[in-house]
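This is the structure I have questions about; it appears just below.
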């Protein structure tokens, strides 16, 4: 028999049969080896048909194995297993060839092998029994009137089921979420589908606005019979393009698969509507040398009206792929899908609420849905409603569900504490010194208390979990009853529908309410429970904060205190600049209270003053206070932007230039951390054209980068520092450190000479930093010495400096034109260097105190006080 007269699947089965012959040490390829191989082929048609006939294929494979183990084996060094085809196998293949001819096929396929096995193999006959006619019917249905004209015929069998999914059937089975709104777009789609020619709508809109949902909504309307008569008998198949392309090994196989799909659609005589999501992928799909792409294969059928098709794609991809192919474009009718507003999104979320409650086993408050729509619209700017709002709700539900499945935080902390104490206890038991024994007694008492607390908490958690499970069970039961009601109404089973609507469902609703009320009474308010099962607006705010880094969740007590004392915290780090500190801290408080202008940055300030007076330090202090780290400050040194072309480094190189893919230093940093302090240091050093980029940031709180993406600056604090007018400030400052009106006017004149009015007009405030006074210097000395003590803490050494020595340090290092920086250098020389020499010269024990005083010669004396043992 010619192996080339067999399909690839049968050839593969023969090769596998050789391997099975080797496994069982058989010289011949027996029937059972071939049939077992046919069962184990990838996407085996042989196995699929038997499974549909409800035959236990696993047991049948075991029966084949059992038969193979009874054949006589051949052993030896040069034995070639599976070298010959046995007489029974030959008989089976001859029979398969006869079936091939009777089906008018060109190649022996798997269904021929199956029919031949039923006729010739006793084991197969035994397991098939009286299901021969059933198997024949299944084969006829699978073939669908096709003939085997290629060596890969399986791609043509039930192509739609293989490469698509029936949306109408999924709606009937209750697998689809409800579609809320979008009535106008669905009506437009129905109108286009009802046309005689060019009845192929293409849904165009941004990602996440609900294009696929419109098609799902149409499928739901077909099930509810809420469509014109011409669409009542229609079904919608979603084509999976990736499945069509995947595994197409041979030249022309992709086209063959697509042709089989289109043939089934054509033979349905308009009953099947094909939905192709991401339809732009058709253009160029499967195109190789000399091959035709999928888009060109669709055109003739679309033009003749033989193919009813709905496409969906985004605006950019439609422009890039479909519009270029004008012949394909004119065969589709565009349906624009715009982003819904916040109110419509809230309606959509309310419609989905019940499905998410049942799926996650939680309760979603209405204010959580409102918060999801509003917060996602305001803070998640690079995505679209309703997708981003639905994602927020889903994530919040998943968070609560995860918490419900694991130990509550309170119990988890107690468990960890118990474990920690037990480890410490076992370590201390090995020690014999008195402090260790004393600590062991204290520890054992604490451990006993913690274990008691642990037991009590565990008991509460178990009780609450049990009650929540009952509520969840009742919710799921209610949901399945509602689905059954829809099915009964669709099928016209009015008796069942009436029983469900007026009997079962009201009863379940009452029971659910009773369970929830009992749960509420027994466990108290939501805030008192160990296990949270409610999704509120706080959870939504937490998720937004996680995704964006912007604090939108409700203020906790510690954060309230932190914000109210922000001004005091900044005053400790920045000395002598009260006005600047108050302006910045007030801007942060306004933003966190939610009353700032939502379309502008939190605050934009220009700090003017001499070098070393605390301009940059204030920006660092603010970042450190808000984020507990100076790393959250985006620092741009404007001295690097002295050339006109350097502005491209802020927003990214234009298309075609090197570095276009990398993005801009400023825009990329803000995209990653939307809530941050931006410090533009030494702005006067930059080229004047660089400031034109800042215009829309300061006014609208946004900036478009080189890739056309809008970057949101509404949650940033922008601080610019400059030394413009510092000479005027130094020369005209009053003894008390106050700045006169004339001095301020002179500084402003210098500023106007450098900056354009449109830049200055957009800033919230221009703050003049006054030169530091001698009194300020003594406070800065305290700060520097505190930092030094912090560094010495690791070595358990501390320094004490007398007031007289501090005063001398401040006076000696005082240089008004240089600010605080000379003082830092002076302290390094006078205190840090001598202490470092002492530490290296003699090993100072832990607890050493170094006392620093001023002697009569105006020099510093260092006295080492070692701890008494």
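Going from the start of the chain as shown, residues are counted 1 onward.
Each residue, glycine too, has its Cβ placed from N, Cα and C.
Not my notes, these are from Swiss-Prot:
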| type | residues | note |
| --- | --- | --- |
| BINDING | 205, 206, 207, 208, 209, 210, 211, 212 | ATP 1 binding site |
| BINDING | 609, 610, 611, 612, 613, 614, 615, 616 | ATP 2 binding site |
| COILED | 390-524 | coiled coil |
| DOMAIN | 3-145 | domain 'Clp R' |
| REGION | 6-71 | region 'Repeat 1' |
| REGION | 85-145 | region 'Repeat 2' |
| REGION | 158-339 | region 'NBD1' |
| REGION | 340-549 | region 'Linker' |
| REGION | 443-465 | region 'Disordered' |
| REGION | 559-771 | region 'NBD2' |
| REGION | 772-869 | region 'C-terminal' |
Using a 10 Å cut-off on Cβ-Cβ distances across all protein chains shown, tell me which of the binding-site residues (211, 615) has the largest neighbour count.
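It comes out as 615.
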Which one is it: of the binding-site residues 609, 614, 615, 616, whose Cα lies the shortest distance from the Cα of residue 207 (ATP 1 binding site)?
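Nearest candidate: 616.
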Where among the binding-site residues 205, 208, 210, 614 do you find the Cβ with the fewest other Cβ atoms within 10 Å?
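Selected from the binding-site residues 205, 208, 210, 614 on minimum Cβ neighbours within 10 Å: 208.
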Helix, strand or coil by DSSP: which one applies to residue 205 (ATP 1 binding site)?
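The three-state answer is coil.
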Between residue 205 (ATP 1 binding site) and residue 615 (ATP 2 binding site), how many Å separate their Cα atoms?
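Checking the Cα atoms of residue 205 (ATP 1 binding site) and residue 615 (ATP 2 binding site) gives a distance of 47 Å.
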What is the nearest of the binding-site residues 609, 611, 612, 615 to residue 209 (ATP 1 binding site), using the Cα of each?
615
Check residue 616 (ATP 2 binding site) against DSSP and tell me helix, strand or coil, would you?
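In three-state terms, residue 616 (ATP 2 binding site) counts as helix.
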Can you tell which of 207, 609, 612 has the least company, meaning the fewest other C-beta atoms within 10 angstroms of its C-beta, among these binding-site residues?
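Comparing Cβ neighbour counts within 10 Å for the binding-site residues 207, 609, 612 gives 207.
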Residue 208 (ATP 1 binding site): which of the binding-site residues 610, 611, 616 is the nearest Cα neighbour?
616
If you count the C-beta atoms lying within 10 Å of each candidate's C-beta, which of the binding-site residues 209, 613 ends up with the smallest number?
209
